[in-house]
Each structure stands twice: as C-alpha cells, then as structure tokens.
C-alpha cells in the first residue's frame with residue numbers, strides 16, 4: 001500500500017505526513033508525525049459559518065468566502081424572516097461576485113437552522129444587547145406573565161414555555177445560556193417559580209433554557225418551525241439543520257413539511273439530548289446527515305461524556321457514509337480575542353481526526369469581533385489535522401465495513417481511492433450530475449482532494465457537506481458528442497486544480513467518468529498525468 005518516502009520523489013506535491021499516514025500501527029503513526037511537514041494546499045473539511053450582525057454585510061461575506069467559508073448558516077432562533085431574507089440575498093450576492101471567473105468561483109451553500117422545540121428567556125429591559133448580573137445566592141423569580149416578556153431583569157425572568165410549572169419540581173435545576181447560569185427551584189406557583197441562583201453570571205436576552213431530567217412535552221416541530229421551513233423552501237435553501245431531533249419520526253415530520261417543492265433539501269439532524277443519542281441509529285437512517293450539537297448536549301448529558309457521544313456519532317456516520325458536522329464552542333474565545341486557546345485548537349483538530357466532514361462556527365462569526373480570523377484559523381487547523389489522519393488504517397477499515405453490494409458505484413469508488421493511494425495521486429476528478437458518485441468516493445476518505453464537476457448548482461453547493469469534495473460548476477453548454485463533453489469537464493477540473501495549487505504538470509490524477517449521459521452511469525476510471 002505504501003511506497004517508501006524517497007521513492008515518492010520530490011516531484012510529489014503531497015508529502016504531508018505521508019510517512020505517518022502509511023505506518024503499520026497506530027503507535028508508529030503517532031511517533032512519525034512531524035511538525036515540519038507541510039500540509040497540502042486543499043482543505044478537505046467543510047467550514048460552516050453562522051451569519052449574524054458581525055458578518056452579514058456583502059463585503060464581510062466576500063472576505064469570509066475568500067477565507068474559506070463553504071456553508072452560510074442562518075440561525076432561526078433569532079431574527080425575522082425579512083432579516084434572514086436579506087442575509088440570504090447578501091450571501092448570494094457575495095458568492096456570485098466571483099462568478100465571472102469559472103476557475104475562482106466557489107459555490108456557497110445556505111443552511112437554515114430551525115429554532116426547534118427549545119425554551120428561551122425574554123428580553124432584558126433596555127436594549128437587545130443589555131445584560132444583567134445574576135449573583136450567586138440571589139433569588140430570581142421565573143414568570144410566565146407576558147407583561148414581563150421584554151422587561152426581564154436581575155429579579156424576574158420571563159420564559160416562553162407555558163408548562164414549566166407542571167414539569168419541574170422543587171429542587172429541580174434550571175440551566176440558562178448553555179448551562180453557564182444554573183438556578184434551583186425553591187417554590188412553585190401556578191404561573192411562576194421562585195429560584196435561587198446557584199451559578200451566577202451575566203445574562204443577555206433570548207438565551208436558551210435546559211431542564212435536564214424533566215419530561216418536556218414540546219412538539220418536535222413547533223408552529224414557528226413550520227413557517228420557517230416553508231420560508232426556507234421559498235428561499236431555495238440547500239439544507240436544514242433540524243434542532244432537538246429525538247427520533248426518526250421527527251425527521252419524517254420535517255421532510256413532510258418541506259414537501260414536494262423542498263424534496264432536494266438535505267436534512268441534517270441535530271443530536272442535542274439523551275434521547276437523540278440513545279435512538280441515534282433510527283435518526284441516522286432517516287436523515288441525510290447529522291450534527292453533533294455539543295452546546296445543549298453538554299447540559300442534557302454530563303459534560304465529561306460529550307466526547308464519547310461525539311466519537312460514537314462521528315464513527316457511525318463515517319461507517320454509514322453520511323456527512324457529520326461537529327459544532328459549538330469550537331473557537332469560542334475568538335468571539336473576543338484574535339487567537340484561540342490551545343485547547344480550542346486541539347478541539348478543532350481532534351474533531352477532524354475523529355472524522356467530522358464539517359466543522360462549524362457559531363457566535364465566533366455571528367457576533368464576534370474576529371469573524372475572518374476565526375474562519376482562517378479553522379482552515380489552518382483543519383488542513384494540518386487532515387494530513388495527520390492515519391489514512392492507511394482508516395481506508396482498510398472503511399473498505400472492510402462496507403457490505404458486499406451489487407452497487408457498481410461503490411466498487412468504483414473504493415477502487416479509485418485505493419488506486420489513488422497506490423499511485424500517490426494528487427487529486428481525484430469526478431464528473432457527477434446528482435453528486436452521488438462524488439459522495440461515494442468521499443466515503444472512503446482519500447488523502448487527495450476530490451474535484452467534483454457538475455452542471456447542477458445545488459449539487460455543487462450541497463457537496464460541501466462531504467469531506468474532501470471540492471465542487472466545480474461547469475457553465476458551458478452540453479456538447480453534442482459525449483466524449484467531447486467529458487473532455488470539456490475534465491479540462492475544467494484540471495485548470496481549477498492547477499490554479500488552486502492542488503497539483504502541477506506531471507502529477508498523477510485519477511479521473512472517474514460515465515460511459516453515457518445521465519445520472520448513475522459512472523463506471524470508467526483512468527489514471528491520467530496532468531498535462
């Protein structure tokens with residue numbers, strides 16, 4: 001499977017950690033990692049950025065796309081439809097500003113993140129950005145009286161969950177703002193709770209509330225979610241991040257609301273509570289992909305167990321060949337500082353090493369002081385971590401875990417990735433209509449980037465969900481002769497790869513094409529030197 005280092009020669013562009021990637025044992029692999037080994041130019045992991053006040057101007061979005069943003073996430077827990085419509089328009093304007101050059105054009109996907117059946121606090125009186133300090137030991141009254149909806153302060157807090165007094169008991173815990181603030185219930189009334197502040201801190205407006213252990217009876221898809229999903233279909237979003245998915249039926253419900261018109265929208269289920277982890281397999285089967293939403297997960301299950309859930313979820317998604325996103329607090333300190341903590345750098349790298357297809361930024365890009373730096377940081381860390389994957393072992397295990405199927409595309413994908421290791425290919429070029437061929441290749445985790453050429457804009461945008469796929473949109477009209485059309489698209493991929501520094505003249509690339517037009521006919525693999 002491996003050539004010796006010297007044999008690969010200096011012409012080979014991808015020296016990144018090759019020695020370590022081809023080790024025989026995991027210990028040997030770790031021992032061979034080298035801090036002076038340069039990573040490959042391409043980054044294989046997708047970067048998802050939440051767009052908010054700090055990043056929604058067209059100019060900032062252009063810079064974020066240049067810095068490496070692949071998917072723009074709209075968080076529907078905040079903002080009106082008009083606000084999000086404008087943000088989506090800005091994202092598309094920024095994306096299309098690069099469209100004049102087919103080689104530099106990067107399709108950016110739009111993701112709608114539903115509010116889901118969550119509980120949130122009201123507005124702190126004053127302004128939307130006002131905060132109040134809750135001191136440890138102080139008494140805080142939680143009320144359902146709508147008179148306080150926009151008048152919360154350090155003494156009284158309004159919540160939007162009408163049944164809270166029925167599901168919590170005296171002695172129960174109430175967590176606010178990803179668990180940063182904890183309250184203990186001391187007394188219950190018909191429409192209020194009296195609590196004592198256990199862990200204090202500064203509280204802002206519209207923060208999430210968790211009631212671990214309580215049987216919260218909220219519907220999987222709220223009335224607001226239904227309106228938001230319909231709005232998403234109108235706006236032609238590429239994917240939905242569905243919050244608080246607890247079982248397969250929840251996913252089917254989201255799919256039903258998206259309807260015929262939204263049937264191509266990918267549904268990514270967010271796993272953020274104990275039931276979601278426990279019933280993970282049925283959720284995975286019903287979904288197009290998964291997000292490990294570590295914020296709420298870390299309150300609903302003990303904080304020290306979150307990494308177990310993360311590894312289990314990523315492992316099962318990799319095995320099933322479905323995309324998985326790691327999210328929440330990845331570079332949290334960069335909201336206020338230009339550099340991440342060492343722990344955060346490690347966290348991003350380890351999510352990539354675990355096998356995440358995408359990594360996500362939330363507050364870092366939505367409201368932080370350093371949105372561009374955060375994107376660049378994720379880009380740099382992801383590239384280094386990808387090079388340090390134990391590729392040889394990973395490929396063997398993925399190949400072994402895939403069942404013997406009559407699906408020819410799967411055999412092609414596995415064969416092309418194995419060939420790419422054997423001949424140290426600098427890239428794999430895949431011509432794809434629906435994107436399926438490229439997704440199958442990505443499933444086997446080649447070291448080299450997969451340049452997927454398609455004429456379908458949505459296929460290109462959604463391809464960012466899969467690790468390693470670099471989508472290229474072919475805007476040229478279809479040629480009459482099939483062979484000429486194939487050559488046209490392969491040449492476009494060659495030009496993009498050279499312009500991006502993925503490979504240079506004389507390197508070897510693997511080209512996967514179909515033998516006739518249409519989806520589902522990819523069956524030809526060639527090993528081609530770069531002209």
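Cβ atoms here come from the backbone N, Cα and C positions, even for glycine.
DSSP gives residue 516 (beta-D-fructose 1,6-bisphosphate binding site) a coil state; it is part of no helix or strand. The local packing around residue 516 (beta-D-fructose 1,6-bisphosphate binding site), expressed as other Cβ atoms within 10 Å of its Cβ over all shown chains, amounts to 7. What Swiss-Prot records for 432, 433, 434, 435, 436, 437, 482, 489, 516, 517, 518, 519, 520, 521 is beta-D-fructose 1,6-bisphosphate binding site.
Residues or ranges marked as SUMO2 cross-link by Swiss-Prot: 115 (among others). Cβ contacts within 10 Å of residue 115 (SUMO2 cross-link), excluding its own Cβ and spanning all protein chains shown: 17.
Summarising the environment of residue 266 (SUMO2 cross-link), the number of other Cβ atoms within 10 Å of its Cβ, over all protein chains shown, is 19. What Swiss-Prot records for 266 (among others) is SUMO2 cross-link.
According to Swiss-Prot, the SUMO2 cross-link annotation covers 270 (among others), on the basis of similarity to another entry. Sequence-distant contacts of residue 270 (SUMO2 cross-link), defined as residues of its own chain at least six apart whose C-beta falls under 8 angstroms from its C-beta, comprise 113, 116, 241, 242, 243, 244, 245, 276, 290, 291, 293.
According to Swiss-Prot, the feature N-acetylserine maps to 2.
The phosphoserine annotation in Swiss-Prot covers 37 (among others). Residue 37 (phosphoserine) counts 16 other C-beta atoms within 10 Å of its own C-beta, drawing on all protein chains shown.
Residue 41 (phosphothreonine): 16 other CB atoms within 10 A of its CB, across all protein chains. Look at Swiss-Prot and you will find 41 (among others) tagged as phosphothreonine, backed by similarity to another entry.
In the three-state DSSP scheme, residue 62 (N6-acetyllysine) falls into the helix class. With a 10 A radius on its CB, residue 62 (N6-acetyllysine) counts 16 other CB atoms from all the protein chains. Per Swiss-Prot, the feature N6-acetyllysine maps to 62 (among others).
According to Swiss-Prot, the feature phosphoserine maps to 100 (among others). Neighbour density for residue 100 (phosphoserine): within 10 A of its CB lie 8 other CB atoms from the protein chains shown.
Summarising the annotation, Swiss-Prot assigns phosphotyrosine to 105 (among others) and lists similarity to another entry as the type of evidence. In sequence order, 98, 99, 473 make up the list of same-chain residues 6 or more apart from residue 105 (phosphotyrosine) whose Cβ falls under 8 Å from its Cβ. Taken residue by residue with DSSP, residue 105 (phosphotyrosine) is part of neither helix nor strand, so it is coil.
Among the features that Swiss-Prot reports, phosphotyrosine is placed at 148 (among others), with the record citing similarity to another entry. Under DSSP, residue 148 (phosphotyrosine) is assigned to a helix (H, G or I) in the three-state scheme.
Residues or ranges marked as N6-acetyllysine in Swiss-Prot (evidence: similarity to another entry): 166 (among others). According to DSSP, residue 166 (N6-acetyllysine) sits within a helical segment.
Among the features that Swiss-Prot reports, N6-acetyllysine is placed at 266 (among others), with the record citing similarity to another entry.
Under 8 Å, Cβ to Cβ, and six or more positions away along its own chain, residue 322 (N6-succinyllysine) finds 284, 287, 288, 289, 290. Look at Swiss-Prot and you will find 322 (among others) tagged as N6-succinyllysine, backed by similarity to another entry.
Annotation source Swiss-Prot lists N6-acetyllysine at 322 (among others). In the three-state DSSP scheme, residue 322 (N6-succinyllysine) falls into the coil class.
Under the heading N6-acetyllysine, Swiss-Prot lists 475 (among others), citing similarity to another entry as support. Around the Cβ of residue 475 (N6-acetyllysine), the same chain contributes 102, 455, each under 8 angstroms and 6 or more positions distant in sequence.
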Problem set entry | For residue 432 (beta-D-fructose 1,6-bisphosphate binding site), nearby residues of its own chain (Cβ under 8 Å, 6 or more apart in sequence) | 438, 452, 453, 454, 459, 522
For this session: Kindly state the mean pLDDT of the region 'Interaction with POU5F1' (307-531) in the predicted structure.
Result: 91
Exercise. Looking at the binding-site residues 434, 482, 516, which has the shortest Cα distance to residue 115 (SUMO2 cross-link)?
Worked result: 434
Seminar exercise, completed: Students should find that the Cα atoms of residue 148 (phosphotyrosine) and residue 434 (beta-D-fructose 1,6-bisphosphate binding site) sit apart, in Å rounded to an integer, by 51
Exercise. Near residue 62 (N6-acetyllysine), which of the recorded positions 37, 41, 266, 434, 436, 482 can be found within 10 Å, Cα to Cα?
Worked result: none
Exercise. Considering the recorded positions 148, 482, which residue's Cβ sits among the greatest number of other Cβ atoms within 10 Å?
Worked result: 148
